[in-house]
């Protein structure tokens, strides 16, 4: 009860003091032409946007204060600390805590900016969160129907091979698809091992992140670049960067795994007759191929746009989402329940991700708006400091580790276009960026993909893998534990080496 009262008090404080009309840089009594008045939440925001050259979007980032990011910080701290200091409360109420932080941003935000705030919330919900969770659900559902039977034991060589295969698959079926497909057999192969935490962490590093660097199918920021004119196979120019990072991390992993394997005195358990490996539920690969094809289709076709609650979305995006739902349902109908039970399938991981990420998506709205405002927002000091390829790599990367890496990629993609080809249309400038200043695009692309591995929220599959591993009995590090014990020790030095060689 005391916790509920404290939450109410915090919420009231934020509501009255966090966002007020004075959050805009002018006093409310003074005329302020920077923030158009929208009397009704679903008023025609697109009229304002057309004046600005966008689709229903006025960049509030030019007027938002830096402290508007406080709810996002609160959301991250809740994910990081509450499982440690109030584990029972967190486990039973993480959905309510996520809703609390989302409301702490949404209500005062709407109070201050009226219809424009409603538009931003609807936009991130309809254009970002909904397709995000539909894709995750479809991949999670379909991959949960594919079972590897037989005798597979996680020796250092076998484990390294599994991670390598997953890393290769990630660029062609997406990091989420590869991670969801490979994580369960990987965990089962290591059931008999005592020290498994580092295995899952390196799996996240490579399969769920770095492996997706080669094609637009691999990771959302590269897909976004593809939509903005970067050719499909241009991203193969990042192959040397990916190979270097992969080799370094795989060598480190193999050394650690070998050390613990010998320390544990692990010998492959004798379960009697060895059974040959056999995939069951292989028809789900058809559904998996359909998912990949649907995503690719949405980037190739142009069926026009449709407005939903004032938010413009491409028709092919709605078609893609519908196909993904149909493919997921098809997998559920085609796959026997007993097979999913044998695969230790449960809905909890996707439910946890859905609840937590709605809070993350809503609370990070001000952060993304400030970032999109470029030199005209509170992040101007950061945007203006980005000059060289090494800056693009590290700044894009560090922001991608905690924010949505797709809009972060697009922000610095546009920054590079503006720096080198100011005044040119995007269709003219992008081919020039790919050729004349390719090193900058390589830095942005690799930074957005690689650094997603630095935290649990850096990329969509990270949290899913963690949740599946935890449910399978693997002790996973806390939010900060993951960063301090693994990312800073293994990833950052790897990225420093990549920097010295390529940037």
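Just so you know, glycine gets a Cβ as well, placed from its N, Cα and C.
As recorded in TrEMBL:
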SIGNAL    1-24  signal peptide
TRANSMEM  64-86  transmembrane segment
TRANSMEM  98-117  transmembrane segment
TRANSMEM  129-148  transmembrane segment
TRANSMEM  160-183  transmembrane segment
TRANSMEM  198-217  transmembrane segment
TRANSMEM  238-261  transmembrane segment
TRANSMEM  281-301  transmembrane segment
TRANSMEM  322-339  transmembrane segment
TRANSMEM  345-371  transmembrane segment
TRANSMEM  392-412  transmembrane segment
TRANSMEM  439-458  transmembrane segment
TRANSMEM  479-502  transmembrane segment
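With a cut-off of 8 Å on Cβ pairs spaced 6 or more residues apart, the transmembrane segment (160-183) and the transmembrane segment (439-458) reach fewer than 3 such pairs and are scored as not touching. Counted over residue pairs 6 or more apart, the CB atoms of the transmembrane segment (238-261) and the transmembrane segment (98-117) come under 8 Å in fewer than three pairs, which marks the two as apart. Using a Cβ-Cβ cut-off under 8 Å and counting only residues 6 or more beyond its ends in the same chain, the transmembrane segment (129-148) has close neighbours at 174, 176-177, 180-181, 184-185, 188, 277-282, 284-285, 287-288, 291, 295, 317, 320-321, 324-325, 327-328, 331-332, 334-335, 339-340, 342-343, 345, 349-350, 353-354, 357-358, 361, 460, 464. Among residues of the same chain six or more beyond the transmembrane segment (322-339), those with a C-beta under 8 A of the stretch's C-beta atoms are 134-135, 137-138, 141-142, 144-145, 147, 280-281, 283-284, 287, 290-291, 294, 297. With a cut-off of 8 Å between Cβ atoms, the residues of this chain six or more beyond the transmembrane segment (479-502) that come close are 76, 79-81, 83, 198, 201-202, 205, 240-241, 244-245, 248-249, 252, 390, 393-394, 397, 439, 442, 446, 450-451, 453-456.
If you look at the transmembrane segment (64-86), the same-chain residues 6 or more away from its ends with a CB under 8 A from one of its CBs are 14, 18-19, 23, 94, 97-98, 101-102, 104-105, 109, 356, 359-360, 363-364, 366-367, 369-370, 373, 377-378, 402, 456-457, 478-480.
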